[in-house]
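For reference, the structure discussed in these notes is given below.
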Amino acid sequence: MLEMTSMLTDAKPGSDDTADGNDNPDASMNGDSSKRALVRPSSPPPITGFTKVLVAFAALGGFLFGYDTGVVSGAMILLRQEFNLNTLWQELVVSVTIAAAAVAALFGGKLNDVFGRKPVILLASAIFTTGAVVMSISQSKEILLVGRIIVGLGVGLASMTVPMYIAEAAPAHLRGRLVTINNLFITGGQFVASVIDGSLSYWPWGWRLMLGLGAVPSAIQLIGFIFLPESPRWLILHDRPQKAKKVLTLIYGKGSPEVGSQLEKISKSVLEQREEQQAMKGSNWVILRILQTPPVLKAVIVGCSLQMFQQLAGINTVMYYSATIIRMSGVKDNSTVIWLAAVVGFVNFLFTFVGVYLVDRLGRRILTLGSLSGVTFSHMFLGIGFLLMAINAPPVTVHNPQAGQCGTYSNCERCILQEECGFCFDVNRTGSVVNGSCLPINESSTGYSNVGRCSAAEGFVDGSGELDWSEEYCPTKFGIMALVGLIVYLMFFAPGMGPMPWTINSEIYPQWARSTGNALSSTTNWLFNLLISMTFLSLAETITRQGTFFMYAGISLAGVLFLYCLLPETKGRPLEEVINLFSKPWSPCCGEDASRSYKPLDGSSFQDEKEDQREPLLFPDDDRQSHDVAAVT
């Protein structure tokens, strides 16, 4: 504490510890303001090689998150056959990971506060590696479930720590782009997982390698992070300013004036927060301080709402069950289904680049609202597609007296919505579906019916003759709409609602509340992720597939209206400045205009920050020099 204070008071103008190199830092405040506005500022510091390495190794945590999300979609096709998983077990295999991640994210905030960002990321890597190995060698669905729980703990810790670590280490003018890189790694992990799924889908044991290969990137991150430093902001908060200065020097480069400037800003912010804590009678319960500090409470509400609407928009339904949705659209072959899921994953990865490019240009608010509006349209398109498939579902024309309850359904759509029933049919020379039957599924293998023409007793082998069997889809000409809908959905989701909740949450909290705020928002994400993944297949059976996507469309529209009113723009603001956006009273539709240039807000510690620290847009570059000369003469 004393060391930090002395560093603030002893900093000499023109040294490496000052905000700029002027001998008289107050001169610009006393001069002609119009002349000062015309002076060409120094360009933002370039990104260093060290920062690139730091972000790459940190973002491997996002890769693990994405890989696990993507790999389970394709692996589920093989796991269902290997362990004869019913709907409940399919949802459990997906959902226990999410539940474990929610628990880990909740406790991750305290771990980050006490031990730091680096130890938590190391712990997450070690846990994920262990879980991947357990999954790959599991001999029963129960052991598989244990492995999924272990992996979930690692993913949960990484998901709330990595964006925060990158945001605290990134230069302000690049923060949005660098934090979004984490989301690029998430979608990259999903795409790599889908390619691996497709490559290994030809062997019934391929799921073991699919799940086990996740240990490779987690082991790389574990080794690499041993040599990377702690977050400079965490170091300052824990009275280690000299170590923080060394890290900032690595980030900005030796001799950069930004090192002293950032050290001073962060230290000043930490001192103010400690004074505030003392004024609040020294409460050590961060959650109580949040409840007693209206701006921070508002930030937590917005941050948690962003994560909630990200999940209620159905993204992990699309990613966890993309192969199942494609199969629902009428694609039959396992390998074809998995490769089409890889195409979906590639679209998600490709359009995340759009978000990386636009986040520090358009801003967070425009990207978020535009993305969620497009997601609403995509859900409507998917709902209409499944509705047309239902309307045009082939009828049941061949009835089997031994079919029991399954024999009472009149068409394919009603038949396959029942977990215990499947559809047996012929395809004539013109490609039309004829002689449809609704029959009970064999209890030992979903590839056969229990009785009737498609049963093993009748010698049926799926795909080997004129008869076909389906327990998940109805053959119609509208099946392609599901694949198109998934692609359009990801084209809208990937640039905005994919990365923005994580990016915005990494920057809207003050230092003392950052770990807890990110823990609360990440836990919100995982809890609603759990809700969606646990209910999708059941909802599809209960309110139909089209009804499920229409419901998602309604939720997404509500999210657009909510965030339009309450989401401010954070682009270009220092981390220590962002919380002031929430100091104003809330009113209907009070979101900040993303096109406004940055100005320090009332009450800010940096209100006297000079305008020339950012690139002004007063004149085009070609005319700036002539205007400067004119101003001087």
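Cβ coordinates are placed from backbone N, Cα and C, and glycine is handled just like the others.
According to TrEMBL, the feature compositional bias 'Basic and acidic residues' maps to 607-627.
Taken from TrEMBL, the feature domain 'Major facilitator superfamily (MFS) profile' covers 54-571.
Per TrEMBL, the feature region 'Disordered' maps to 1-41 (among others).
Residues or ranges marked as region 'Disordered' by TrEMBL: 600-633 (among others).
If you look at the transmembrane segment (87-108), the same-chain residues 6 or more away from its ends with a CB under 8 A from one of its CBs are 68, 72, 76, 79-80, 120, 141, 144-145, 148-157, 159-161, 316, 320, 419, 515, 519-520, 522-523, 525-527, 529-530, 533-534, 536-538, 541. Annotated transmembrane segment per TrEMBL: 87-108 (among others), in sequence order.
Listed as Cβ neighbours of the transmembrane segment (120-137) (distance under 8 Å, sequence separation of 6 or more from its ends, same chain) are residues 58, 60-61, 64, 108, 111-112, 143-144, 146-155, 157-158, 161-162, 165, 208-209, 211-215, 218-219, 221-222, 225-226. Among the features that TrEMBL reports, transmembrane segment is placed at 120-137 (among others).
Same-chain neighbours of the transmembrane segment (143-166): 54-55, 58-59, 61-62, 64-65, 68, 79, 83, 92-93, 96-105, 108-109, 111-112, 117-118, 120-121, 123-137, 178-179, 181-182, 211, 214, 218, 231, 502-503, 505-506, 514-515, 518-519, 521-523, 525-526, counting only residues six or more beyond its ends whose CB sits under 8 Å from a CB of the stretch. If you look up TrEMBL, you'll see 143-166 (among others) marked as transmembrane segment.
Residues or ranges marked as transmembrane segment by TrEMBL: 209-228 (among others).
Same-chain residues lying 6 or more positions outside the transmembrane segment (337-359) and placing a CB less than 8 Å from one of its CB atoms are 70, 73-74, 77, 176-177, 180-181, 183-184, 186-188, 190-191, 193-195, 197-198, 201, 318-319, 322-323, 326-327, 331, 367, 483, 486-487, 490-491, 493-496, 498-500, 503, 571. For 337-359 (among others), the entry in TrEMBL reads transmembrane segment.
Positions annotated as transmembrane segment by TrEMBL: 366-391 (among others).
Long-range neighbours of the transmembrane segment (478-498) within the same chain, counting only residues 6 or more positions beyond its ends whose Cβ lies under 8 Å from a Cβ of the stretch, are 183, 186-187, 309-310, 313, 315, 318, 322, 325-326, 328-331, 340, 343-344, 347-352, 354-355, 358, 367-375, 377-379, 381-382, 384-386, 388-389, 392. According to TrEMBL, the transmembrane segment annotation covers 478-498 (among others).
Here TrEMBL flags 519-537 (among others) as transmembrane segment.
What TrEMBL lists as transmembrane segment is 549-567 (among others).
Between the transmembrane segment (366-391) and the stretches 209-228, 519-537, 549-567, the greatest number of Cβ pairs separated by less than 8 Å involves 549-567.
Averaged across the domain 'Major facilitator superfamily (MFS) profile' (54-571), the predicted model reaches a pLDDT of 87.
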